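Before we start, here is the structure in question, set down as structure tokens.
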Ligand SMILES: NC(=O)C1=CN([C@@H]2O[C@H](COP(=O)(O)OP(=O)(O)OC[C@H]3O[C@@H](n4cnc5c(N)ncnc54)[C@H](OP(=O)(O)O)[C@@H]3O)[C@@H](O)[C@H]2O)[C@H](O)CC1
Ligand SMILES: [K+]
């Protein structure tokens, strides 16, 4: 699913109004009705108090339309105008008058210095104060209103975007943003829903179709995408009836050091579980027996050194290579890594100590084969690209890095993000259970395994991170967050593949809720 920028959203509105020959108030009406329909379908007329807080721009206008429809359908509604500016948007004013014509309970204005309205934890707050038009820090009294929302513990539904959240930078203070239970976002989710520093304001989101011109939606290229099932399904390569293992590639995993051979085993197992035909592990000598004994499907080549890799020399012709898991950063290993990089021509995934070796000696970056895949977690990324101001700046710097060295950077996190040629691909699967030893090694194995099968770097990364997260999502149903271990992610990869062909679902921003135990109803 595409994630449109603020400018693209405004342009989409403008074009829709023009092409469909409607007024902007008509579009606002449509947006408001889509909010109403969504809520009405869930509330089914329940008499719960709904407090609609409206700003003075078009986001506020959306709130006014919603309030009007809720009132005419008999809901228990109170409307407030959060009067943070003397300005009023035209469509706000139109809908302000329409609301006054509908009910005797006219909106109540809230100003600086007023007492804040009572909110009970049973109420529903509708947050239609700021939308994508927020362009500067908000006043203290509005911050106090947001704090008041949070303290009430009431369910908070944000219209389009949580008020206070910018589309292009991280707010300085946590209190200056509404914590949403649910965002009903027009047409497209916003990038901020998925970044570590701003996703805390987002519990769940839904994208509501408000009839923006379909041609525009189809033709407009966006910088960011959120990858759900429908996005990765076209990448899937079907197997022919007469296919044999030679067609699915031969992956080589290079890594391991004394005490860290398990990382190589996990990555190699993940290679085969992702569908590659053959896997070879290249490790120090100490890896030979454990790997052969515990993982008979793998072939093993060893270094001459017992405990670490000192010379990467093999006489096979792999179709992909994953390097770095458990590798260590001994001087001799660094030299071997450098020699390897200078001569390698095979599609490559670099993880863990492979990345640390690159940051220790960044002259090596120029030897990276085009389209190499780097899979750093944020700390490893920082060592590679330097510090950043905030998450938006991090993406900007990562894009510049990826472009400069012609590589793909997968930033691991709750929503992993692949950065490739100026574009961002955000994964929608995965859960906090993945915060466990070895889950990164498994991801490296899955991506290397897909590369071996002929997936492009971008496909292997997007499809790989989706499958890896989906496998963990399926696994926690049985294991729970705490007990999920990296081996489970390998075990459930098959289920993740099968799930691709179950009915498609929509991506979700938030980490999954902890599943209820089987006895809990
Ligand atoms: N297709 C769609 O997505 C549609 C979305 N709609 C809704 O419109 C909003 C965007 O509306 P807009 O009027 O542009 O902006 P806001 O409502 O977010 O903000 C209103 C104005 O407030 C001013 N502003 C900004 N920051 C501050 C601040 N910190 N303090 C005070 N005032 C502030 C700013 O005006 P200035 O001239 O003063 O700079 C804003 O313009 C979108 O999110 C949707 O909810 C449409 O209804 C239909 C289609
Ligand atoms: K809002």
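Cβ coordinates come from backbone N, Cα and C, glycine included.
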Which of these, 386, 438, 440, does TrEMBL say binds AMP at the same site as 412, 413, 414, 415, 416?
440
According to TrEMBL, 127, 163 bind K(+); which of 37, 58, 59 is also listed for that site?
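Answer, per TrEMBL (K(+) site with 127, 163), from 37, 58, 59: 59.
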Scan 132, 135, 377, 413, 415 for binding-site residues whose C-beta lands under 6 Å from an atom of ligand 1 and note them, or write none.
132, 135
Out of 58, 59, 163, 415, which has the highest number of nearby Cβ atoms, where nearby means within 10 Å of its Cβ, if these are the binding-site residues?
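Per the Cβ count within 10 Å, the most buried is 163.
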Beyond 59, 127, 163, what residues of that chain have CB atoms within 8 A of the centre of the K(+) site's CB atoms?
53, 55, 60, 63, 128, 129, 130, 131, 158, 159, 160, 161, 162, 164, 178
Tell me, which binding-site residues from 59, 163, 414, 415, 416, 440 are within 10 Å of residue 132 ((6S)-NADPHX binding site) if we use the C-alpha atoms?
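Of 59, 163, 414, 415, 416, 440, within range: 59, 163.
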Would you identify the secondary structure of residue 59 (K(+) binding site) according to DSSP, in three states?
helix
Nearest of the binding-site residues to residue 61 ((6S)-NADPHX binding site) by CA-CA distance, picking from 412, 413, 415, 416, 440?
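Result: the closest of the binding-site residues to residue 61 ((6S)-NADPHX binding site) is 415.
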Check the DSSP secondary structure of residue 135 ((6S)-NADPHX binding site), expressed as helix, strand or coil.
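It is coil.
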